[in-house]
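Q: Pasting a structure here, questions to come.
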Amino acid sequence: MSPLLTWNLICVSSRWYTILCLKNKVKFWLGTRLVHEPESMESRSSPYIRPSPYAGGVHPHFEEEDDRSKLHASALYSERRTSSRKSLRSQKIDYHTTTIKSLWFDFCARTSSHGIPYVATSSFFGRYVWAALFMCMLMAFLLQTYWTMSEYLQYRTIIEMQLQFEAAAFPAATVCNLNAFKYSELTQYEEIKEGFDYWERVINARMMSDSMKPGGDILEAISVRKKRSKSRDQLLFPIDDEDLEGAVYQPVFVRCTCMNMEQCVPNRNPLEVNASICMCFEDVTRGLIWPCYPTSVWTVKKCSGCSISNTCPDPDGPNASKQIAKHNSPLPCLCQSISHHCMVHPKDEIRWWNPNNYTVYSVTEPPTTEITETEEAFGLSDLKDAGAITTQTKENLIFLVAALPRETRRNLSYTLNEFVLRCSFNSKDCSMERDFKLHVDPEYGNCYTFNFNDSVELKNSRAGPMYGLRLLLNVHQSDYMPTTEAAGVRLVVHEQDQEPFPDTFGYSAPTGFISSFGLKTKELHRLSAPWGNCSDTFRPVPYIYNEHYSPEGCHRNCFQLKVLEICGCGDPRFPLPSEEHRHCNAKSKIDRQCLSNLTSDSGGYHHLHEQCECRQPCHEKVFETAYSASAWPSQNFKIGTDCPAVSDIFNDTEACTEYYRQNTAYIEIYYEQLNFESLKETAGYTLVNLFSDFGGNIGLWIGFSVITFAEFAELFCEICKLMYFKGIVYVQKKMQGKEYTSSSLMHIDFLQRSPKKSQPGEDEVSTNESTKELMSK
């Protein structure tokens, strides 16, 4: 053999050996992969796989026992968890043989949920125990989910507070005089004057009644009344021993108002009807009259010991025996049995008393003492306390003034120049025409709002009283109404786009003081539905306060509409929605009673929650106020030569100072600090918290995830497809059965009607055989 041939044989042998080695390596690699990756073996080598009893189930199967034992662990894993690799999803489903049960067992074998795969086990005990355990955990999960949803649906909120260090916008400030109207202007209207007269009589009667109680001092009570009456030329009474010195008394008839035998007050109008006739003590030297009693309690007696003032002790009084023994010259006298005071009977007839000209009238029959409808409407007859009487009179005054035209009501109160004497903001002068706006309030008359324009934003350059709003206000106390109990001004701090309500939210500042109001601002940010009920655009229709919406105005609007609906008239304390409506009449008993009943039944305009829909604004500013005061003006402070006191005092500094103390109030409104609090309402339990808790609960109790729900959705779709296909197959079979039956019957009918002749009996046999053949098919 040649060397070349030998070399060629060696090369060929080497190549074959190399190929054989590579082939062995491939076989080894395939065997190793078969052991560690049963899925690959399952999908590529069908001889190694034996189908599972359930759809999609696979079992490894090897020829040799040793190989089966080596792959025992992998076979179990493949049977329990990896059967989904060859499930009904990855195969073409045979809807003729597949059932819902097979789909369910396939789902249990491949689902990612915990516990459900054990429900499909072949063990009877394991199957029902795991099913019961899963149902218990499912109930616990549903209960926990109910609690979680309940927490979310409560829509709880939390408040986040943040302090912002920047200058806040200056608010609007509304100032009013505590005396709403000028008394000198009101008395020009007869109805209003009658209201004051009626209040005067009732107050006098109550004070007289209190003084005549055990322990009461009648002189003290009358002294108080006299001091209140002197400045207005009202009815005067003797008040102390000095006034009684030199007095000469005589009896006079007077038309008066009597609450009972002990309470009679002279009427200022002697011609007034519906008044009683009384007899009073009159001091002819001073024109004073006191006390008065009904004529029924006066009797004519013989008195001894009468003084030069024509007063005598009652002979039937407690000290009658001593007086008679001491004086032996009795005179005819008139005595009353209430306080046992007597007067010498005049020689002439007893005359009528008139506070103006003392005209004598003839005695007539006593007119009726019944309370008129007007007096009953005023509501003073049943009141005993002087404060309650005054408060009710103020309300009556609101009703009386509301009946006047709008322009007339403005003229009854104070103008801007009369009320505001000085004004400065941020150490600069104010512009009266530009910075102030008139606001007419039913209770406080003409009020004036500073910084009313919401398009202009005023800010303080610094904190403190020197850089805020400073106002010097003149209240004109000399022209106060008798029902005004305090002298001063009313202040309301509010947002520019809100209606001021001085009767509810205001602060009072007295005269003779510098009243300092330090402000702190809080910005509120509320959440809208479903966490809250706020709205920045909500407006009830109709709305009596125009565009200035606030919850307080909404409640008043609702109450006013309710009054208009039930009573046919509006409450004079609130505006009317249109000119077509009217305010309730102060003298109408029906109107006043209807309004009173509605207020009592509803509990006031803040309690009509069922009939009213009032929402809080989503963004609101709240101003907290700290009050302090100091005396104004100081002794050495130079007010100036422009003193509005009496003109003949010229440059009398003391007189000007006293005038300012009695009639002016200095107001300071400022920020204590140039920062504000921002209170923001946030959701306490959000949708993110809900999903987080829901995921935790479902993972804790039943071991589900979002993927598990997708698997259930897939199972549901497969069942629906199966049911749909089963229905189609059922309908097709039914239709095919009907067609086959009809064709068979037609064939039988054709055979029966065939014209072919046959021997007797042969036709019947052939027909029966054909029918049996068709039926067997």
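In case you wondered, yes, glycine gets a Cβ from its N, Cα and C as well.
The model shown is predicted, which means the values in this text are computed figures rather than measured ones.
When I checked Swiss-Prot for this same protein, it listed these features:
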type     : residues : note
TOPO_DOM : 1-128    : topological domain 'Cytoplasmic'
TRANSMEM : 129-149  : transmembrane segment
TOPO_DOM : 150-689  : topological domain 'Extracellular'
CARBOHYD : N274     : N-linked glycosylation site
CARBOHYD : N319     : N-linked glycosylation site
CARBOHYD : N357     : N-linked glycosylation site
CARBOHYD : N411     : N-linked glycosylation site
CARBOHYD : N453     : N-linked glycosylation site
CARBOHYD : N533     : N-linked glycosylation site
CARBOHYD : N597     : N-linked glycosylation site
TRANSMEM : 690-710  : transmembrane segment
TOPO_DOM : 711-777  : topological domain 'Cytoplasmic'
REGION   : 752-777  : region 'Disordered'
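Quick one: how deep are these features, and who are their neighbours?
A: Per-residue confidence over the topological domain 'Cytoplasmic' (1-128) averages 56 (mean pLDDT, predicted model).
Panel annotation: around the transmembrane segment (129-149), residues 115-116, 118-119, 121, 690, 693-694, 697-698, 700-702 of the same chain, lying at least six beyond its termini, place a Cβ under 8 Å from a Cβ of the stretch.
The Cβ of N411 (N-linked glycosylation site) has E185 as same-chain neighbours under 8 Å, each 6 or more residues away in sequence.
According to DSSP, N453 (N-linked glycosylation site) sits in a coil region rather than a helix or strand. Sequence-distant neighbours of N453 (N-linked glycosylation site) (same chain, 6+ apart, CB under 8 A from its CB) are Q496.
Secondary structure from DSSP puts N533 (N-linked glycosylation site) in coil.
Around the Cβ of N597 (N-linked glycosylation site), a 10 Å sphere holds 12 further Cβ atoms from the protein chains shown.
Outside the transmembrane segment (690-710), and at least 6 residues removed from its termini, the chain residues within Cβ reach (under 8 Å) are 111-115, 134, 137-138, 140-141, 144-145, 148-149, 152.
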Q: I need the CA-to-CA distance for N533 (N-linked glycosylation site) versus N597 (N-linked glycosylation site), whole Å please.
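A: Here the two Cα atoms are 31 Å apart.
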Q: Just how many other Cβ atoms lie inside 10 Å of the Cβ on N533 (N-linked glycosylation site)?
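A: Within a 10 Å radius of the Cβ of N533 (N-linked glycosylation site) lie 15 other Cβ atoms.
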